[in-house]
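Database features, via TrEMBL:
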{"type": "BINDING", "residues": "T97, S98, F131, P132, T133, D134, T174, D203, H206, Y228, W258, T284", "note": "pyridoxal 5'-phosphate binding site"}
{"type": "MOD_RES", "residues": "K229", "note": "N6-(pyridoxal phosphate)lysine"}
Amino acid sequence: MITRSHCQERDTADALAPLRTQFALPEGVIYLDGNSLGARPKAALARAQQVIADEWGNDLIRSWNKAGWFDLPSRLGDRLAPLIGALNNEVVVTDSTSINLFKALAAALHRQAHSEKNAGRRVIVTERANFPTDVYIAQGIASWLERGYEVRLIDSPEQLDTAVDESTAVVMLTHVNYRTGYMHDMRRISALAHARGALMLWDLAHSAGAVPVDLNADGADYAVGCTYKYLNGGPGAPAFIWVPERHQVEFRQPLSGWWSHATPFAMQPLFEPTGGIRRALCGTQPIASLAMVECGLEVFAQTSMQTLRAKSLALTDLFIALVEARCGHHPLELVTPREHARRGSQVSYAHPQGYSVMQALIARGVIGDYREPHVMRFGFTPLYTSFVDVWDAVDALVDILDHEKYDADALRDAVT
Ligand SMILES: *Cc1c(COP(=O)(O)O)cnc(C)c1O
């Protein structure tokens, strides 16, 4: 039987525990939603003050050069690269994940349409269970292009084998599913896509900073992802896009704004793309928000994804073991894979009153979230979640379920 003091001992032995002090977490809160909005690095407040008061306030427009604002998307991309198995000059932090998906998908379709062998391919294969914006963006591009472009939705990873065929232009998948925490086998699926002549686009929204990712080694073609989730970049912080060196010369995306021009300040009337990853940029970036991303990445620079992964699995294993030992008599269904190789950094349980139970947990300061249908999501972020947090969260869950301390008629907020 696992006890609270056993969890305390694990915290004492945890080499990552000191990093928690670099985050500003409110007193009395157990934050299990870093998969949706990461906690604030303490350094972000001083950085915001510096950007707003000094760089904007004092230096004004000179900061584009003096404070390196213009290079910020690439500089942050280089800092993020090692976390996802990318090289320098392969990543930029810019725009939103939805917009980056649009650019990457359009570039992939364009590349196929202009290749001799694959010009007739018109199908984008993705999962019905993918995060909606990914599916919507694919549907938007397909319907806007017309000419036979379509989105093919699959219902399980096993269907990839039959769904990816000679008509497939691009396979677009989210590496770790937002609802279930299921993690795809990136290497195997990328190889399958290539064997069928398709390009492979990965969404790393729930992977970057959560699990080790090795885009180049695993043979991915394009990738995008969020910085405001596990990377702790701040609400609505710009996302990232990765294009490997081998695809950059041919990379053409339709949002050909001036930041992707070869000589943006020559003010030429003809668009001529710059070289390298800055081709993925469009226009002026939200510098105040972008600057916060660096504070999150600075914490990651003090550890490694392998160390974080070991603790993440220990936290999710502990959570599952405690829920099973103490809530076994309740109608909770584990929807996250038990197998480590298939599990991201979250644990999801379905419960018929999932929304109401989560509201009761949040009212006690145990913050997770809820996704339809019936799914309570608990995100585990090894940078600032302790083993005792896991114990205390399950303790609250046991009390709420055993004594039905939840409001079965709880009304839905706009954001669940
Ligand atoms: C969170 C998430 C997004 C968010 O996209 P935005 O453009 O930032 O709203 C996109 N895709 C996936 C898979 C996500 O998990």
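Placed from the backbone N, Cα and C atoms, the Cβ positions cover glycine too.
These numbers come from a predicted model, not from an experiment.
Overlay of TrEMBL annotations on the structure.
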| residue | record | Cβ neighbours (10 Å) |
| --- | --- | --- |
| T97 | pyridoxal 5'-phosphate binding site | 25 |
| F131 | pyridoxal 5'-phosphate binding site | 19 |
| T133 | pyridoxal 5'-phosphate binding site | 16 |
| T174 | pyridoxal 5'-phosphate binding site | 27 |
| H206 | pyridoxal 5'-phosphate binding site | 28 |
| K229 | N6-(pyridoxal phosphate)lysine | 28 |
| W258 | pyridoxal 5'-phosphate binding site | 15 |
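Checking the binding-site residues T97, F131, W258 against ligand 1, the ones with a C-beta less than 6 Å from an atom of that molecule are T97, F131.
Reduced to three states, the DSSP call for the residue listed as 'N6-(pyridoxal phosphate)lysine' is coil.
Of all residue pairs in the pyridoxal 5'-phosphate-binding list (T97, S98, F131, P132, T133, D134, T174, D203, H206, Y228, W258, T284), the one with the greatest Cα separation is 30 Å apart. Annotation note: T174 (pyridoxal 5'-phosphate binding site) sits in a strand segment as assigned by DSSP.
In the three-state DSSP scheme, W258 (pyridoxal 5'-phosphate binding site) falls into the helix class.
Secondary structure at F131 (pyridoxal 5'-phosphate binding site), taken from DSSP and collapsed to helix, strand or coil, is coil. T97 (pyridoxal 5'-phosphate binding site) carries a helical DSSP state (H, G or I).
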